[in-house]
Structure formats: C-alpha cells, structure tokens
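**Q** Let me begin by handing over the structure; questions about it come next.
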Amino acid sequence: MSDSPIKNGVDSKKIDEDYQLCSEAGEKFRMNNQTESFESRVLVIYTGGTIGMIINKEGVLAPKANEFENKIRQNPLMHDPEYLQTRADKIDYLALPAMKNNKRVLYKVLEHKSLLDSSNMTVSDWINIATDVFDCYAYFDGFVILHGTDTLCYSAAALSFMFENLGKTVIITGSQISIFQPRSDGVDNFITSLILAGNYVIPEVSVYFHNKLMRGNRTIKTSTHEFDAFISPNCLPLVQVGIEIDVDHSAIFRPYTIDSFKIAKDLDKNVGILRIFPDITYATVKSFLDPPMNGVILQTYGSGNFPSNRTDLLELLKSANERGVIIVNCSQCSRGTTSNIYETGMILTNCGVLTGFDMTPEAALTKLSYVLSKSDWSLEKKKQVMLTNIRGELTSEKSSDKGYDLVGAVARLLNLTSDKDKDDLSHLLFPAMLQAAVMKGDLKRVEEIKGYGADLSMKDADNRSAIHIACCEGHFDIVKYLLLNGASVHEKDRHGVTPLDEAITADDHDIIKLLISTGAHLTKDSTLLGDLLTSAAGRGLIKRLESFTLAGADLNLPNSIGMTALHAALLNSQNEVVQYLISNKNVNVNVKDRLGRTAMDLAVQMLNKGAIAVLKNR
C-alpha cells in the first residue's frame, strides 16, 4: 500500500477500514455459524391443563394467565439465563441447561388467551393449535404442546390428521401434578419433551408421558391418578427414555410424498361413537343414525362382533350405509383388532360397515371427521381412506424381513447374538451402504438396499443421511426417490447443515426447487444468512445468490456488521454481481451499512461509473 492515502481518486485509508469491517464480519460469521450449529429452537404452545396450574387465593389449583413463563424462568432446571446473556438476538427465548451429546434447546412459550381445562376443548381449539404450528413452522425445529390430560388423546389424534405432510416433531404432553409443585411428573414430561423436539426429527404428532414417546393417534388414557396414565396398546413406543434415549427409528411414520406442510381446518362435526351394549333399543340406534349424522364409530364386542339376532338393528345399519353414512366397526377392547372371522362380525361387513382394524376410538372418530370434511372426495374414496393407514393410526401388513436376514448374516460372521448388537450393526451397515451407493449415483443399488430393510433416513456418526449426500452430489433422481420414501428435508447433520444447505452450496437449482416444494426452508437466522449472502457477493458468486433466492432468502439481509450483499459486491469490485443485484427489483439500493453508506455512496467512493449510472436509473 502506498504512503499516500489517496490513489487514483480512491481513499485507501477508507478502503482499509472497509476491509477491516469485512474481516470482522467473517469472524462473526464463523462464531455465529458454530453457535447455531449446536442450538435448536422449539415453540411451546401452552393451552392449559394441570401442568401449568398454580395454587390460587382459595387454595386450589387453577390456571393463571401470563404466569407460566414467568415461573419457569425462575427454575434453573428449565432455564439457563447466563447462556443468553451474550445472545442479544435470543434474549426473548428460554434456554435449557446444557446436556451432553444434545443440542442446546432454546424455546419460546406461546400462551393461548383462554387457558382451558381440556374437558372444554373443542374443534375450534384444535384449529387454533394447528394454526399456531402452521404460522410458526418455518421458525422452529420442533413443537411442544402443553395440554390437559382428559382429552389429550382426542387432540393428539385430531392434529395427526389435520397436519398434512408434517415434517417436524410435534409432541403433546401434560401432567398429573402441576409442574410448580415440589413433587411433579410435569417437570420430566416438559423437559424431556423439549429435548426430544429439539434433537430428533420425528415427523409425527406424538404424546410424551412417563418416559415414553407414543404415536398420538395410538394413545389412550388409562388412569386418572397414576403418573403412567397413558398407553399405546397396539403400537410400541417410538422412544423409550431412561439413562439413554432409545429411538426406534424404524417405527417412525414418515410422509411419502413431495408436498409441503399444510393443515386441514375443516372437520365434519356430524360424527359420533355408538357403543353397543346388551339389549340396546331400536330407538337409540335409530336416533343415532338419523340425519344429520354423516359418520358413526360403532364400538362392538371383542374382535368386532355384533348381535346377529338383532335383524332390526342390522336393517338400520344397512339403511344408513345406503344413505351415505360411513360406519366404522371398532372393538370395545383396547388391545387387538377387529376381524370378520366370526359370523357376528361378518354380518356387519354385509351391511356395508367398514372394519376399523386396531384404531383407538379417538383416532377412528377424528379420522372420520377429517375424511368426511374432504368435499372433493367421492364417497368411495372416503371409505377407502378409512381403510388405509394414512398417519400410522392402524396396523397394516408388515414389511419383508429381508433386511434382518442381511444384518443377521453379517452378525453371525461377527459372532453378534443379542438384539441390541444386531440393531447397532444395522445402524452402522445400512448408512454406509446407502451413502456409498448415493455417492456413485446408483439409484438401483439404493432401491436394493431399501429392499433389505434399510431405513432411508438412517444417519452416520456425523448425523448425515443419504439425502444430504444426494443433494451435495447433485443426484436429482435419488433425491426424489428418497423424498418419496420418507427421507426428511428437515434433518440436520452435526454441523447444523440441512439438505437444502447442501443443494445451495452445490448451486443445484433443480434440487433446490424440489426440496422447497417438499417443505424445505432456510433455517439459519437472518444475521447468519446475511453473512452468507455478503460472502457470496464479495466472491462474485452470482449463481450462489440465485440459489439463495430460490431458497427464499432476502437479498437485502444485512450481515453481522450491517453490510448487505450489494455493499459487499461494491466493496470487492465484483461488477457483475453489482449489476445483477441492482437489476433485481427486490433489492433495496437505499439500505445503509454500519457507517451510514448507501450503495450509491460506495459506488461513488469506489469510482464505479457503471454502478453509478445504473443506480441513478433506480
């Protein structure tokens, strides 16, 4: 650098200051990126229930508005204020204490205006909860819903159907004793739900209670007073929590479609549950089946048996079916499934009654309400969907055990005999096989490995799954195949990198569009995105800026020191990038950096005549 601060009309001293700013931005980018990689964000939706109640002036437990968050901020088990002291951008969050081998969970509490005893929960409240999740979906990694226990299973089942193409973890929990009592099951239920929602992608509506995470539409309440108040009688828990957190990844029900997250807000309320009992009267059944009833869950004896000597009732069922009323046969027993192996079960099939398999009454009722609301579906399609497993709510035919034969063969060679050893082996074997096939772009081999029982969402030691590799390598057909077979666009590796991040880094616009159509979105906060955009602009990477734009980034986002992509391009004399940005109508050329300079100010300072001319026309 010359001794003179002025060279060719450019203030070199000023430029040195600018480059110092760029250096500061780079350092802040590295720090922000590292911190964010080890954090996750969870939204807590507080609807009411025992879990958040406090003792009022009358000495009884009752919900109190705007008190829940204030109280948990004072509990060191639920909030670590010191962690957020240096995070001005996260000061409105709460932070769980650090946990070994888990991301730091930051969470916000969204409290409903009316805190409900769950006995007062209605369809409108389900819609409010669903809308909250939808509106905040892009800003959080997972969701925890605090709910009273009495109708918790109805809400869990309903939400599981209302959430279409769900790609993130939604956990409903509550407690038998308030979280603010000295002895409470609520503390563990709440904290563990946060840990699970912040660290695992389990794209289902689930229920966490007493060390178990259960599929929401498989759960029933069995006790009014025990901590172990909920069971999943026909479906094993998705997660067992002890000293270790044991996730059954193969049991997770994943979306198998290329479509983004949606919610169904219209539910048919003209449905009901009719429980059969000895000598039930004709008038009772008739009044239940008469208009405006559109759907009925018939709770019958044993494996779906109905009194065969009640021809009067059978005629009522047949007549209702012919009118278009959908009738579903579910057992009064909590375990097992309905079948027509007995004459008393077959007679219902002959009347047009559908089998409910092993659905819980709550799941069958809310599914029927959801299905009947689909006005664009024919009656036959509605009936077919009722017989189909769409959210893991009923037991379908088991898949081939071919995969266990492969794992078993390798296990025998290694003298591994226990089920745990075999399970651990499958989590080593399949990810390595999948990633090797994906690296080579060998779709046929990926299909073969799936045929051996591999879960295509399995991750390696760095938490990278096959879809990360496919996006990185630009294998569009494999990405599409993985998405259609349950791979998640929301999985993050140990560095917080998503499949969308990989596609952006590879500048693969076709894959970016595919991922976005499946519900992928940018997950980094605005400042970090600003750092990435200014870095790309400063290096002249127009295609990278196009990639970010396709992914939904705002090119006006400032970086850690208030500089935008346009500022960085001007400062680094990246004239093609400058022209690209200025020609983009969505780019605001009047944004000022930390020193108060607009793009025009920098263009004049840098003697960039081309930029000056174009800017004048803006």
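The count begins at 1 with the first shown residue.
Note that Cβ sites are derived from N, Cα and C of the backbone, with glycine treated the same way.
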**Q** For the substrate site that TrEMBL assigns to Thr149, Asp150, which of Ser114, Ser118, Ser184 is also named?
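**A** Record check against TrEMBL: substrate site with Thr149, Asp150, extra candidate from Ser114, Ser118, Ser184 is Ser118.
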**Q** When you measure from the Cβ of Thr50 (active site, O-isoaspartyl threonine intermediate), which residues in the chain that are at least 6 apart have a Cβ under 8 Å away?
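**A** Result: Leu61, Gly148, Thr149, Gly174, Ser175, Gln176, Ile177, Ser178, Gly186.
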**Q** Can you tell me the three-state DSSP label for Thr50 (active site, O-isoaspartyl threonine intermediate)?
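**A** DSSP call for Thr50 (active site, O-isoaspartyl threonine intermediate): helix.
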**Q** Within the repeat 'ANK' (561-594), count helix residues (DSSP H, G, I), strand residues (E, B) and coil residues, in that order.
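**A** Breakdown, helix to coil: 15 helix, 0 strand, 19 coil.
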**Q** Using DSSP, how many residues in the domain 'Asparaginase/glutaminase C-terminal' (270-386) fall into helix, strand and coil?
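**A** Final tally across the stretch: 48 helix, 21 strand, 48 coil.
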